[in-house]
Amino acid sequence: MLLWMVLLLCESMAEAQELFPNPELTEFTNSETMDVILKCTIKVDPKNPTLQLFYTFYKNNHVIQDRSPHSVFSAEAKEENSGLYQCMVDTEDGLIQKKSGYLDIQFWTPVSHPVLTLQHEATNLAVGDKVEFLCEAHQGSLPIFYSFYINGEILGKPLAPSGRAASLLASVKAEWSTKNYSCEAKNNISREISELKKFPLVVSGTAWIKSNMLPIWLPASLLGGMVIAAVVLMYFFKPCKKHARPETPTLKEPDSFLYVSVDNQRYK
């Protein structure tokens, strides 16, 4: 008797399992709101047209719409609503439960217009100086790929940082002087280019030395000139010491007579 009841119960459950197959989850897009409509579809046995079924919706294995007679769920088009969706159908008494397969839905946000800045320490850029290009897109689904351009030529390789900004460190070249530079941000659904900017004037090595040495040598040369001028002035305009004017010597009368007298005696 007990065995017969078990067999009867198993047969009833097997028949119940055949009342409907596993459901199928499909998606549609609302043309006005761009929201995604999920529909849980199931084929009911024509022999049981009055069978009452209930639907449950899941996202990443978490219930997002609890058990209800509604077979439709609407997901707003937001990036945070991306994930794996699934639905389950069960009978009114809950004895039969069947789940659909997973449906991977991804909501992508277009990348925003990137902002480009140039950072450098030198006041006057010279060949070989280091500069940093910084490009940032404030919105857009990750990953975002960044590329930098100057005069229409790409600098390095595209960058894909984990965040929303990318930077490129580069050495200044002479041909960059006053050329246009820009950056590009791109994700899986869109791409945007920043505004064009003018690269600063790049001075040559000789001009850089002259412009940088002038503030150093100019004060030194002025100081040296002042010292030389002071020495010259001191040399030519120093006060002279007054000396007593020497008296003109006069011949003594006796000596002069003696000399004449001697001569006269010699030639007599």
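Just so it is clear, glycine is given a Cβ too, placed from its N, Cα and C backbone atoms.
Bear in mind that the values here come from a model prediction, so they are computed numbers and not experimental data.
As written in Swiss-Prot, here are the features:
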| type | residues | note |
| --- | --- | --- |
| TOPO_DOM | 17-215 | topological domain 'Extracellular' |
| DOMAIN | 114-194 | domain 'Ig-like C2-type' |
| DISULFID | Cys135-Cys183 | disulfide bond |
| CARBOHYD | Asn180 | N-linked glycosylation site |
| CARBOHYD | Asn188 | N-linked glycosylation site |
| TRANSMEM | 216-236 | transmembrane segment |
| TOPO_DOM | 237-268 | topological domain 'Cytoplasmic' |
Under DSSP, is Cys135 (disulfide bond) part of a helix or a strand, or is it coil?
strand
Cβ-Cβ under 8 Å from Asn180 (N-linked glycosylation site), same chain, 6 or more residues apart: which ones?
Ile150, Asn151, Gly152, Leu196, Lys197, Lys198, Phe199
Give the number of CB atoms, excluding that of Asn188 (N-linked glycosylation site) itself, located within 10 Å of its CB.
14
Starting from each candidate's C-beta and looking 10 angstroms out, tell me which of the disulfide-bonded residues Cys135, Cys183 has the most other C-beta atoms.
Cys183
Per DSSP, what is the residue count of the domain 'Ig-like C2-type' (114-194) in each of helix, strand and coil?
3 helix, 44 strand, 34 coil
Rounded to a whole number, how many Å is the Cα of Cys135 (disulfide bond) away from the Cα of Asn188 (N-linked glycosylation site)?
18
Rounded mean pLDDT within the topological domain 'Cytoplasmic' (237-268) lands at 46
